[in-house]
Amino acid sequence: MTTSALRRQVKNIVHNYSEAEIKVREATSNDPWGPPSSLMSEIADLTFNTVAFAEVMGMVWRRLNDSGKNWRHVYKALTLLDYLLKTGSERVAHQCRENLYTIQTLKDFQYIDRDGKDQGVNVREKVKQVMALLKDEERLRQERTHALKTKERMALEGMGIGSGQLGYSRRSRGSPSSYTSASSSPRYASDLEQARPQTSGEEELQLQLALAMSREEAERPVPPASHRDEDLQLQLALSLSRQEHEKGVRSWKGDDSPVANGAEPAGQRRQRDREPEREERKEEEKLKTSQSSILDLADIFAPAPALPSTHCSADPWDIPGLRPNTEPSGSSWGPSADPWSPVPSGNALSRSQPWDLLPTLSSSEPWGRTPVLPSGPPIADPWAPSSPTRKLPSTGADPWGASMETSDTSALGGASPFDPFAKPLESTEPKESRDSAQALPTGKSPSTVELDPFGDSSPSCKQNGMKEPEALDLGVLGEALPQQPGKEARPCRTPESFLGPSASSLVNLDSLVKAPLAARTRNPFLTGLGVPSPTNPFGAGDQGRPTLNQMRTGSPALGLPPGGPVGAPVGSMTYSASLPLPLSSVPVGATLPASVSVFPQAGAFAPPPASLPQPLLPTSGPMGPLPPQAGTNPFL
């Protein structure tokens with residue numbers, strides 16, 4: 001160990017430098033040889049660490065600021081900086097551009113040694129190279145790419161080197177002789193000389209390739225576990241389960257045969273293993289046959305097969321024994337059972353049918369024509385039309401209905417159905433009663449009133465040539481009720497029978513006064529501007545005004561002449577009795593008796609007057625009408 005190396009180690013311990021700073025100090029030492037490539041490669045790798053990067057760059061800037069006698073510190077620091085720009089982190093170039101002034105000052109570096117040799121020229125040339133690399137970004141990018149490729153190539157070439165190369169990297173801290181310690185052994189001297197890179201670029205490339213390959217090996221995903229072991233375990237578990245099942249079956253059957261004892265032949269064992277498969281196949285066949293039979297029952301559109309039964313059910317899934325034995329005439333869409341037709345008597349059907357299905361004489365299509373039911377007392381059906389013959393009047397309870405006549409024949413045998421949209425028939429009510437019903441001002445009719453929930457109370461008019469029915473008039477149902485055989489019809493009393501012969505001489509006063517019919521509107525919300533309002537709540541002002549004579553004779557005040565109080569101005573208005581009466585309009589002598597003084601004496605009250613003044617209406621003088629500004633106010 002040289003004296004400079006020993007002194008450097010002591011300084012490292014005294015100043016407590018970190019590992020990165022120690023490496024930079026060793027690479028930029030004052031020794032007469034250049035920095036080794038392996039050491040610079042380690043420093044370049046440290047620049048990718050944030051903490052180590054700050055320590056490395058701090059020591060480099062300190063070395064660049066040394067004095068002239070330590071020109072090797074400056075030169076080696078520039079050499080290390082050039083190497084870091086090409087192979088280190090990109091932050092090195094960024095920080096060098098920030099401290100570009102520090103590098104530019106080294107262009108004028110001067111130092112002449114004792115022999116008179118200018119040693120500063122080496123520093124000035126190195127500064128020019130570094131400055132050119134920093135200013136040209138494209139060149140810096142190319143240099144970095146080329147250095148990376150060289151490092152990878154050298155790493156691939158160095159993969160065949162044995163473990164003897166490891167001694168090349170092992171060294172004692174701060175000892176420059178440690179880099180050649182591996183060559184001291186004559187055993188590995190020849191191999192190391194052949195594998196050792198000739199240039200620093202090759203050495204750096206080998207190191208980078210080695211690091212990349214080790215990193216790739218570490219990041220390689222773990223290969224998936226083989227499924228062979230899992231398959232073997234699954235087969236073993238299945239075999240054990242099968243054996244346990246066989247043992248359970250044998251113990252349940254109590255079989256002591258050689259089969260149960262484990263001496264079963266191989267052929268019987270195969271047959272026994274195939275039995276579950278056969279059972280499964282049989283179950284599948286049974287399921288298919290059951291499904292096919294269900295589909296046959298569900299085929300309701302196919303013609304029914306010939307069966308000995310004479311009845312056929314309307315149910316598509318009926319019992320096959322109830323199908324007809326002969327093919328029905330006509331197409332398959334021929335007469336069929338109506339689901340809404342009356343149910344026949346119970347003895348006509350077989351008791352084997354659980355839902356009392358309707359018997360028909362044709363195929364079982366539920367959407368076909370209605371067949372003729374067998375004779376017999378029909379069962380009450382809430383959906384079937386009524387059978388007794390009666391004539392419904394035109395003024396029934398249904399305001400939208402029409403007169404319909406039903407017959408006692410079969411409800412399904414040709415009777416016309418009830419049509420709610422048919423044209424209503426003419427009313428049989430006498431014309432005189434209809435005219436009198438229209439003449440009634442109250443809107444009440446002796447027999448019928450239009451059923452309109454949104455209409456007014458005016459009497460109904462004829463529509464479509466007949467009177468509209470009244471919903472609550474039950475008198476029209478009297479004709480539909482059957483007559484009892486033991487009772488005679490009670491005669492209906494009429495005005496002629498009640499009043500006698502004098503009824504013909506009476507005059508109907510209601511028919512003489514006819515109220516004007518208001519415009520009928522079917523829409524209660526159609527109240528536009530064109531429709532006049534039926535009543536005006538503010539129409540009090542339209543009444544006739546009283547004449548002057550009526551006002552004079554109708555409201556005398558305290559015995560005054562009809563013309564009003566003496567001295568009252570023409571057109572003045574007298575005050576109401578509910579308000580204080582002004583003294584200027586009524587004389588004192590006219591309002592109070594003469595015996596009553598105006599001011600009562602002390603301790604006594606004036607007796608009330610015999611009569612209070614009557615309320616006076618507004619009067620107008622005989623000289624002319626009211627002024628134009630006095631309008632008619634309906635609230636006065």
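From the backbone N, Cα and C atoms, a Cβ is placed for every residue, glycine too.
Annotation source Swiss-Prot lists domain 'ENTH' at 12-144, citing sequence analysis.
Per Swiss-Prot, region 'Disordered' is recorded for 153-503 (among others).
Here Swiss-Prot flags 174-189 as compositional bias 'Low complexity'.
Sequence annotations record features per position, and here Swiss-Prot assigns phosphoserine to Ser184 (among others).
The phosphoserine annotation in Swiss-Prot covers Ser185 (among others).
Through the fold, the domain 'UIM 1' (202-221) approaches residues 37-38, 40-41, 44-45, 83, 87, 147-159, 196 of its own chain, all at least 6 residues removed from its boundaries and within a Cβ separation under 8 Å. Residues annotated as domain 'UIM 1' in Swiss-Prot: 202-221.
Residues or ranges marked as compositional bias 'Basic and acidic residues' in Swiss-Prot: 214-231 (among others).
Sequence-distant neighbours of the domain 'UIM 2' (229-248) (same chain, 6+ residues past either end, Cβ-Cβ under 8 Å): none. Marked as domain 'UIM 2' by Swiss-Prot: 229-248.
Taken from Swiss-Prot, the feature compositional bias 'Basic and acidic residues' applies to 242-256 (among others).
If you look up Swiss-Prot, you'll see Ser257 (among others) marked as phosphoserine.
The compositional bias 'Basic and acidic residues' annotation in Swiss-Prot covers 270-288 (among others).
Feature annotation from Swiss-Prot assigns region '5 X 3 AA repeats of [DE]-P-W' to 315-400.
Annotation comment: Swiss-Prot describes 426-435 (among others) as compositional bias 'Basic and acidic residues'.
Sequence annotations record features per position, and here Swiss-Prot assigns region '3 X 3 AA repeats of N-P-F' to 523-635.
Summarising the annotation, Swiss-Prot assigns region 'Disordered' to 607-636 (among others).
For 607-616, the entry in Swiss-Prot reads compositional bias 'Pro residues'.
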For a three-state summary based on DSSP, what are the helix, strand and coil counts in the domain 'ENTH' (12-144)? 100 helix, 2 strand, 31 coil
Could you tell me the mean pLDDT over the domain 'UIM 1' (202-221), as a whole number? 81
Treating G and I as helix alongside H, and B as strand alongside E, what does DSSP give for the compositional bias 'Basic and acidic residues' (242-256) in helix, strand and coil? 12 helix, 0 strand, 3 coil
